[in-house]
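Peer 1: Annotations for this protein, taken from TrEMBL, read as follows:
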- D:6-27: transmembrane segment (TRANSMEM)
- D:34-54: transmembrane segment (TRANSMEM)
- D:60-82: transmembrane segment (TRANSMEM)
- D:94-113: transmembrane segment (TRANSMEM)
- D:141-158: transmembrane segment (TRANSMEM)
- D:186-206: transmembrane segment (TRANSMEM)
- D:226-247: transmembrane segment (TRANSMEM)
- D:259-279: transmembrane segment (TRANSMEM)
Amino acid sequence: MASIQDSAPDAAHVAPAVSTPALMRLALVATGLVVAFGVVPAYATDYWLSSIIIPTIVMGLAGISLNLLQGYAGLVSLGSAAFMSVGVFSAYNLILRAPDLPLPGVFVLAGLIAAAVGVVFGLPALRIKGFYLAASTLGAQFFFQWLFTNYPWFSNNSQSLTISAPRLEFLGYDLQSPHGRYLLVVSVTALLIGLAFLVVRSRLGREWMAIRDMETAASVLGIRVARRKLEAYAVSSFFLGITGVLWGFAYLGTADAHTYNLDKSFQILFIVLIGGTATIFGNFLGAAFIVLTPIVLDHLVLASNVAYLSDQGAITNLQRVIFGAIIIFILIKEPDGLSAWIRRGVEAIRGRLAS
Amino acid sequence: MAALLELHDVSLSFRGVTAIDALSFSVEQGSICALIGPNGAGKSSLLNVINGVYRADSGDIVFDGVRFEAIRPGKAARLGIGRTFQHNALFRRLSVRENVLAGLSRLGQASFIETIFRVGRDAAERRTFAARADRVIAFLGLEAHRDRIVSTLPYGVQKRVDLARALVSEPKLLLLDEPMAGMNQDEKAEMSRIISEVNRTFGTTIVLIEHDVGIVLGLARHIVVLDYGRKVADGAPDQVRDDPEVIAAYLGTVH
Amino acid sequence: MSLLSRTIALAAGAVLSAAVFSGPAMAQDGAGQQLYPLFTYRTGPYAPSFIPFGAGNIDYLRYVNEVEGGVNGVKILIQECETAYTIERGIECYERYKNGFNGALTAAIYPHSSGLDVALTDKARLDKVPIVSPGGGQNIATDGRVFPYQFPLIFDYWSEAEIIVDYIAGQVGGHDKLKGVKIATLYHDSGYGRDTIEPLAILSKKYGFEDIQIPVPHPGEQQQAQWQQIRRAGADWVFLRGWGVMTPVAIKTAARVGFPVDRIIGDIWSGSEDDARPAGAAANGYLAVSVFPPGTDYGIIRKLKEHIVDAGKSDLKDNSKFGTVYYNYGVIEAITFVEALRTGQARFGNRPLTAEEGQWALENLNIDDKRIAELGAEGLISPLKTSIDNHKGEQVAAKIIQWNGESWNTLTDWLKADPTLFADAIKAKAAAYAAEKGITPRVDASN
Amino acid sequence: MAFFLETLIAGLFAGLMYGLVAIGFVLIYKASGVFNFAQGAMVFLAALVFVSLVERGIPFWGAFALTALLMAIVAVAVEALVLRPLRNRDPLTLFMATLGLSFVIDGTAQFFLGTDVHMLDLGIDDIAQDYGGILVSRFDIVASLIVIALVAVLAAVFSKTRMGISLRAVADDTLAAQSIGIRLPVIWRIVWSVAGFVALVAGLLWGARQGVQFSLSLVTLKALPVLIIGGFSSIPGAIVGGLIVGASEALADIYLGPIVNGSVSTWFAYILAVAFLLIRPAGLFGDREIERV
């Protein structure tokens with residue numbers, strides 16, 4: 001019996017070691033790193049760092065986390081914020097109760113705890129599909145808000161059930177200033193983006209996408225669907241857990257159960273939607289949209305002085321209307337998200353350059 | 001030659017409607033067996049029972065010496081049952097190559113961590129998987145489409161990708177659900193040639209569903225005729241062609 | 001997508017981003033003025049309480065600007081920033097205005113949200129910007145040695161618990177009669193709601209009343225089970241620590257299970273017109289604690305009516321909100337700001353104060369009875385004296401008010417909490433916080 | 001025992017109210033195949049418009065009719081601006097569109113009508129009455145009768161009229177229904193209007209209880225577990241699911257709450273729903289779909 005395995009690989013199909021796209025990709029990564037670690041910290045003001053850049057990056061990371069689950073593995077979650085809260089409360093208690101643990105260890109452990117919780121709440125995925133899964137994840141959302149409210153142990157019996165960020169230090173560097181917090185956020189994010197690419201380009205990522213596109217066919221091919229789904233919840237929750245720590249410690253400086261409420265979960269859902277499913281960098285676009293839109297609208301109202309013509313409350317409600325309308329508009333006109341715009345734009349430019 | 005697959009009194013119904021009624025037959029190692037019958041005869045359901053997508057109400061199946069009443073699709077795959085689909089069931093947002101690679105999933109040994117960080121068994125696995133995928137892609141003449149997203153490909157090509165995906169892990173038994181549906185005569189002849197070649201080259205046992213009786217008679221060594229979930233006839237092409245009941249129930253009518 | 005629509009989208013994007021950068025520059029020049037960044041939440045579930053509250057703030061500051069010519073000549077520049085009651089947007093507002101605006105200086109920031117108050121603790125310490133939360137601050141921040149930049153002015157929930165117990169004692173004929181009395185606390189299940197568990201346990205031990213604690217999950221639109229528990233436990237009084245929709249639902253549900261409404265005493269956040277009115281007739285006789293007494297019969301409120309409301313300069317759209325609990329709360333808050341400015345100007349000169357000067361001023365506030373009389377705020381506020389030791393005010397006091405179906409009647413004068421009762425417990429908590437965060441408490445050297 | 005019964009009865013009454021909200025979801029799910037997150041916003045909109053009309057001196061039934069008309073207009077607008085452009089898209093996209101829609105609806109409502117808390121008096125006393133040692137509120141009884149009447153009318157309409165039969169056909173197989181000449185846009189407009197009407201009734205009953213304000217729109221979150229238990233596509237399922245959630249939530253709060261030192265009703269319904277899902281994935285009354293490959 002002949003076998004495919006026996007025959008030598010066809011040399012023609014082995015790609016050259018370094019191709020032009022690979023070089024370009026390398027150049028992009030290098031540029032990205034220079035901008036992230038050099039240009040931004042050198043030029044951004046405290047205001048931009050603390051209230052726009054840091055939240056955008058962290059929310060983008062949250063988008064990546066959900067996108068791994070939803071965009072790549074095709075699973076639903078309406079409880080992303082709950083896993084973020086598991087991360088931040090874990091990290092807080094780790095720092096409190098194991099003060100010798102270095103900061104990277106805290107992040108990884110917090111992520112792992114969130115991952116374990118993610119697996120538990122992902123278990124129903126083995127029996128149920130599609131929108132029904134929303135119930136389980138929504139259950140997680142309410143359960144953890146309740147847990148962290150109901151058991152003050154998690155917040156070290158703080159009076160307001162709020163935890164405040166511990167001193168952030170790494171190798172003796174103080175990360176308290178906006179620049180320090182920015183560097184922490186951007187370093188962790190860079191590492192996690194790298195990890196995300198490793199995951200989605202691995203066999204695991206391929207099998208997730210196979211399950212997403214056609215679950216029955218995937219199982220017929222021998223893909224371990226149940227295990228892969230749980231792994232998707234684990235990986236996504238790992239990311240979310242770390243994102244939660246960054247949100248609480250590096251951005252807000254505080255966290256309580258309410259910080260990670262359903263609205264936050266919905267925001268993350270919108271980020272994936274706006275940025276585009278099954279993308280990595282698109283999430284930052286989505287996050288920028290979520291973070292900037294209310295600020296821009298607020299400025300517009302202030303600048304145009306319409307506040308004096310009409311009731312300010314009415315105008316802020318108008319913002320809500322505009323925001324909802326934009327979401328519907330994007331869903332109708334650009335189902336692949338804003339990153340599809342950019343991709344098309346880049347292709348158009350490339351096409352023009354080529355001709 | 002020994003039988004690779006045996007079905008004993010397999011029955012299946014949906015919400016009280018019988019789809020398969022106490023069906024028994026066997027398929028010899030290395031043969032090509034065709035299931036024919038009118039729409040709704042239970043052909044696809046039968047394939048779904050064999051590889052575990054549906055669970056039979058009663059009866060049992062012996063595959064390669066393993067007896068089971070019900071099996072999970074993944075287990076069936078790992079036993080060596082491959083499958084293509086009547087309707088497009090490709091991973092539509094993946095490339096041809098990724099689809100074919102996904103077909104190798106049942107052979108994956110590397111653990112979660114090894115896979116993500118590309119260490120341990122993963123490195124060797126990547127190499128052999130890539131080689132095997134490329135071989136099958138070449139074998140089915142899909143090189144030109146290798147990195148295209150499958151949903152952008154013409155229908156006939158997609159059917160071949162489906163076959164490549166099922167074939168790449170070298171199953172012992174390949175279930176083909178209407179592999180030539182929607183094709184013109186030239187495409188059918190080409191697909192028919194490919195199926196024969198797969199059977200000859202790899203010794204793969206094949207069970208296929210096909211409506212074009214002309215093609216079936218030329219391709220299969222063994223034909224099972226179904227009607228309303230029951231077996232009407234079972235035997236070599238010549239035998240079946242001359243069976244009066246088959247002529248009455250099926251061959252006589254134009255499809 | 002067509003070229004046209006893409007162009008439109010691009011143009012819209014350009015206009016929006018241009019607005020971000022040019023927005024502040026288009027506004028008026030603020031040099032020589034004192035900035036009052038007004039953190040608003042005119043959207044979301046809590047918007048109804050903000051609207052009169054914000055109006056009270058704005059109206060008083062407009063009065064100071066237009067009638068009194070500013071604070072010793074220094075005009076106050078109000079800049080609104082919408083937080084929608086979320087911490088994220090609150091932080092953006094804080095970052096936007098912490099260093100002033102167009103030359104106008106920031107002396108203090110009133111975050112108008114307990115959650116935001118906590119979130120800003122570390123940032124404010126780093127930036128040296130005072131964070132002021134009248135009625136809604138962190139109780140442990142009373143200790144100004146550990147929390148130099150937090151000012152939980154006027155009130156806290158531990159004192160509130162004590163005032164309630166004192167009031168009930170008065171009703172049953174003295175503290176010695178409290179033994180065996182059952183006081184149920186129905187609380188919003190949150191940090192805010194849980195805050196009174198500890199003081200009531202201490203008080204229960206001290207006086208021998210039975211302390212029953214029953215949580216209501218947010219938002220509290222269903223309370224049948226909780227009220228059945230209250231009835232089954234045979235509670236004599238209910239201390240209602242509600243928030244938002246929880247309060248009217250509680251009052252209505254009490255009626256449904258037959259609990260007398262005049263034995264329910266609402267928390268300060270359960271004691272506005274919008275808490276009682278939606279409950280309809282069921283609320284007639286409902287009691288509440290009031291630190292921001294409603295009504296229009298105060299000198300300063302009358303002046304606001306004359307110079308601002310009747311002159312059409314009020315921020316209120318609906319004048320029926322004038323003199324309500326939240327309106328008066330806004331006025332009181334604005335008074336604390338203006339009085340802090342006066343205090344600071346007395347030391348640093350009649351000019352806009354910096355945040356550091358604002359911190360000193362807030363730490364040396366002394367609004368005594370004489371000053372209250374000058375302000376025309378007799379009965380509206382009780383004396384407020386802060387120090388490095390006490391960022392809340394040395395004497396916490398509240399009134400009890402009763403809903404008559406239309407408006408609130410004031411039942412009592414200021415009921416004063418015993419400043420010593422919980423002082424040590426709070427100090428200990430602040431010390432524990434300092435230890436956890438590695439903060440060295442300040443030494444009292446300035447006074 | 002009497003206390004147990006009283007808790008149970010109160011829970012069942014609350015459950016009926018959940019069921020009422022859930023019916024609106026079921027209707028839209030049957031017609032459009034989407035969990036309409038904006039249903040809560042519609043409840044809020046209906047109640048706010050109604051109460052604003054009444055406050056401006058319009059009599060009860062006039063305000064009721066005007067609000068119902070407005071809900072129909074909303075339905076037509078939703079069909080034209082949201083559903084039609086999103087036809088044939090996956091359920092998650094539709095769900096997110098309804099999330100956006102909920103922002104638009106409650107934002108618009110508050111933009112025009114303000115954010116004040118309004119009292120809504122339907123003229124039904126909400127005070128306890130003693131029935132054999134068990135306290136029951138008259139309001140609950142009247143509200144339940146209204147819910148039952150509404151369910152009866154809806155059931156009759158959907159089983160007897162052509163419209164109802166068309167709706168069932170759409171729910172069973174959208175493509176097949178279209179091929180036999182059922183006009184989907186018409187069905188959508190009608191069903192969303194009816195859902196708007198149900199939202200109005202729910203808004204009045206809930207609004208009378210807790211006042212008309214923004215948090216009315218949060219009833220959506222209570223409806224999801226009800227729907228999962230009852231099945232997304234069954235009106236009786238919505239009612240039974242509501243009763244189960246209402247009763248078990250009330251009992252859990254009383255008997256489980258003290259053990260875990262807090263109220264469990266925020267998440268209990270969800271855990272219950274997940275448990276149901278594991279046992280009966282399509283809910284009590286829902287149809288299980290057969291996978292075709």
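Just so it is clear, glycine is given a Cβ too, placed from its N, Cα and C backbone atoms.
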Peer 1: Honestly, do the transmembrane segment (D:186-206) and the transmembrane segment (D:34-54) touch, with at least three Cβ pairs under 8 Å and pairs 6 or more apart in sequence?
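Peer 2: Contact confirmed: at least 3 Cβ pairs fall under 8 Å.
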Peer 1: What residues in the same chain, six or more past the boundaries of the transmembrane segment (D:94-113), come closer than 8 Å to it by Cβ-Cβ distance?
Peer 2: 32-42, 44-45, 48-49, 52, 74, 78, 82, 86, 214, 217, 220
Peer 1: Taking the transmembrane segment (D:259-279) as reference, which of D:6-27, D:34-54, D:60-82, D:141-158, D:226-247 has the most Cβ pairs under 8 angstroms?
Peer 2: D:226-247
Peer 1: Residue list, the transmembrane segment (D:60-82) vs rest of chain: Cβ under 8 Å, 6 or more residues beyond ends.
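Peer 2: For the transmembrane segment (D:60-82), the nonlocal Cβ contacts are 38, 42, 45-46, 49-50, 53-54, 97-98, 101, 105, 185, 188-193, 195-197, 199-200.
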Peer 1: Considering only the recorded stretches D:6-27, D:34-54, D:226-247, state which has the highest number of Cβ pairs under 8 Å to the transmembrane segment (D:141-158).
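Peer 2: When the Cβ pairs under 8 Å are tallied, D:6-27 comes out ahead.
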